Amino acid sequence: MAARRALIVLAHSEKTSFNYAMKEAAVEALKKRGWEVLESDLYAMNFNPIISRNDITGELKDSKNFQYPSESSLAYKEGRLSPDIVAEHKKLEAADLVIFQFPLQWFGVPAILKGWFERVLVAGFAYTYAAMYDNGPFQNKKTLLSITTGGSGSMYSLQGVHGDMNVILWPIQSGILRFCGFQVLEPQLVYSIGHTPPDARMQILEGWKKRLETVWEETPLYFAPSSLFDLNFQAGFLMKKEVQEEQKKNKFGLSVGHHLGKSIPADNQIKARK
């Protein structure tokens, strides 16, 4: 049986950072378990995060009214995307597991990683309206976010000043990763790293390596299955009426995004259902 492959996408500029240490720990742990590890160190690569006409070679379909989604999708089908995008596609295609390592910035991913998502996850390659969520192209791949924060865990709690971390994670984990079909594993959250002493940092790194020993066996986070929705333009991609009726008797919504006007299930974007 061929070794599994992991892709680690790092979005931090400094090799002295804890994010870099987390990346190195992941490489070490996975290789020790027989994984082949690919890397995309976005700052070291000087990765261009800006979508533009330069992402496409050859003649545009409509140069006067350039529309990136349709032009990049066509370029993907015809093999006319820029070499740096194609290189990332090859890594993604080869990977069984994708780890995104980054510091939380303004309640989201760093700009360079946002640009990676926008340029690399083009229509046709990463999704179509006929192939999204459960049916997405990456449905047999697993992914997880490994995030550091400046603030403490309590700041991202239900009563914390920043609000619920589950809500912050939803646009990334559902709106990007699950949308493309990924099975999304529990995020690796490292809070307040700037105020964490060296011995505690070492414990975090060791715990991360320990987790990665069995990461492939982990249960993914729960997202509302596509089968609950009428997935067509005529129906508006809405939740089926019988499902809505069935859900009325439940105290909690299905997920952070599909809360149905009710309380959100606790830690829906942080802990997998047991």
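Cβ coordinates come from backbone N, Cα and C, glycine included.
Keep in mind that what you see is a predicted model, and the values were worked out from it rather than measured.
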According to Swiss-Prot, His12, Phe18, Asn19, Gln67, Leu104, Gln105, Trp106, Phe107, Thr148, Thr149, Gly150, Gly151, Tyr156 bind FAD; which one of Arg178, Arg201, Arg211 is listed for that same site? Arg201
Fewest other CB within 10 angstroms, which one of the recorded positions Asn19, Ser82, Thr128, Thr148? Thr128
Helix, strand, coil residue numbers for the region 'Important for apoenzyme conformational stability' (225-274) per DSSP? 10 helix, 4 strand, 36 coil
I'm checking region-level scores; what's the whole-number mean pLDDT for the region 'Important for apoenzyme conformational stability' (225-274)? 91
Out of Trp106, Tyr127, Tyr156, give me whichever of these binding-site residues has the highest number of other Cβ atoms within 10 Å. Tyr156
